[in-house]
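Some features that Swiss-Prot has for this protein:
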- 25-61: topological domain 'Periplasmic' (TOPO_DOM)
- 83-89: topological domain 'Cytoplasmic' (TOPO_DOM)
- 111-114: topological domain 'Periplasmic' (TOPO_DOM)
- 136-145: topological domain 'Cytoplasmic' (TOPO_DOM)
- 4-24: transmembrane segment (TRANSMEM)
- 62-82: transmembrane segment (TRANSMEM)
- 90-110: transmembrane segment (TRANSMEM)
- 115-135: transmembrane segment (TRANSMEM)
Amino acid sequence: MAHLTLSIRGLLLALMSVLLISVAQLSMKWGMGTLNQLWSDLVMLWQGEDYSSLFSQALAPVMAVGAGLFCYALSMACWVMALKRLPLSIAYPLLSLSYVLVYLGAVYLPWLNEPLSWVKGTGIFLILLGLIFVLPKKNQTSDKS
């Protein structure tokens, strides 16, 4: 198997995959949470209640879930292309950035509004620190160990 070198295009594809999967997680979290709140209304729909108001309430969360699934598919396509261009030892640790992005999104997006905690913040710091240790430095061409 040919030796894979660090490629800017591969890094960009991997980072795009991370961004898309983070957007997918946040979209689906909001969409499914909102649909869950509408569950009793959805049951009434099956019993012949007013369709138009329920449809207007459920449209945005259903679209958010659909957009999340679409982002998952795009993320997978980017990931497959990134794996063709990057060594797995470089590509795979980049996936941990999605934990960072999803946590920050869950905390700072007002419609998710999850609590900020120092324990989780420490975990995020450790993930980022781990990436610094694992990813090669600019002047490092190959791992001699």
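Note: Cβ is positioned from N, Cα and C throughout, glycine not excepted.
Predicted-model confidence for the topological domain 'Cytoplasmic' (136-145) is 55, expressed as mean pLDDT. Residue counts of the topological domain 'Periplasmic' (111-114) by helix, strand and coil are 0 helix, 0 strand, 4 coil (DSSP-based).
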